[in-house]
Amino acid sequence: MPVLEEKKTADHFHHIGVLGAGSWGTALAAVASYKGAVTLWGRKREIIDAINQRHINPDYLPDIIIPRTIHATDELNDLSSASALLVAIPAQKMRSVLRQIPNDSRPLILCAKGIEAESGLLMSQLAADIFPHRPIAVLSGPTFASEVARHLPTAVTLAAKEKDIRAALMQRLAIPTFRPYASSDVIGADVGGAVKNVLAIACGVVAGAKLGNNARAAVISRGFAEMNRFGIALGAKEETLTGLSGLGDLVLTCSSELSRNFTFGKKLGEGYSYEEQQKKRAVTTEGVFTAPVLQRVANKLKVEMPLVSAICDLIEGKSVNSVLERLLSRPLKGEYSISV
């Protein structure tokens, strides 16, 4: 007889493990600590000690007191008793970390936004490549880590194919200031977070080059059209792309200098090259890595993404004026599928 799996409930996920002690991982650990035990894993010993002894993360969230109930560690084995793992590792380091954890049945909730440069895989595709039989979820939406950690109101998409796991994780992570909305569209939730990183750079360029509010609105709306085309080509649902993890995240990161991608783009628009910025930046700007691989995957899918292509040109050193001229001289067309 087949063995019936136990239906998952919020109590089943009492102990949450968080991979990544950067700003986002630390903020998520603070959320998860509201209803249960949390073990937070990171690489830097000095950060681990600061969290455990002084209850701060001096490198990433220096002004925020971290709940005392969070236990930080630099040993992956300390996560062995956790019943679910939130993964907040930068996209380009995701594979190397996932390969170090056991291949078991504990759900992985992917919280990073991006596309692996070498493979062209979204985070959920990458995780499924390593763990083909493991439950995979995506948590994504309009979130600045500092605001989540300060318990300002936040809503996110939590996507998983397994209904009971999705429902249990929502109950476990929901707190008065952090509200997950359910989705079964894992790819759709993943696409939005990856593409918006690149489009946020574009909006930053508009701000830095002082191209005006009209141009920023055009980038957001036409950028969303590119996100929509790309997502649908990968099998995403349009309703997911218009939700928190797609349009919601796009609007947030295209409108604030709290976004690292927006700030990077603003500096590009002001005339600072990619190389000049890299010398000064200690944190990951995921959109820089995502842009060229996103363009490559889009070309393979025959999806037109002119704004993404423009950002690739700017990162490679082309001037804002030349890239803008190319964008505005493209053949006139209908806004959607209507012919001119």
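Note: Cβ is positioned from N, Cα and C throughout, glycine not excepted.
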Determine which of Lys196, Lys302, Lys318 appears in Swiss-Prot for the same sn-glycerol 3-phosphate site as Lys113, Gly141, Thr143, Asp249, Ser259, Arg260, Asn261.
Lys196
Which of Ala82, Ala145, Ala225 belongs with Ser23, Trp24, Arg43, Lys44, Lys113, Arg260, Glu286 in the NADPH site listed by Swiss-Prot:
Ala145
Roughly how many Å separate the Cα of Asn261 (sn-glycerol 3-phosphate binding site) from that of Trp24 (NADPH binding site), to the nearest whole number?
15
Would you kindly give the Cα-Cα distance separating Thr143 (sn-glycerol 3-phosphate binding site) and Trp24 (NADPH binding site), rounded to the nearest Å?
9
Relative to the Cβ position of Ser23 (NADPH binding site), how many further Cβ atoms are located within 10 Å?
21
Quick check: in three-state DSSP terms, what is Ser23 (NADPH binding site)?
helix
Cβ atoms near Arg43 (NADPH binding site) (within 10 Å, other residues, all chains)
13
For Ala145 (NADPH binding site) and Lys196 (sn-glycerol 3-phosphate binding site), the CA-to-CA distance in whole Å is 16
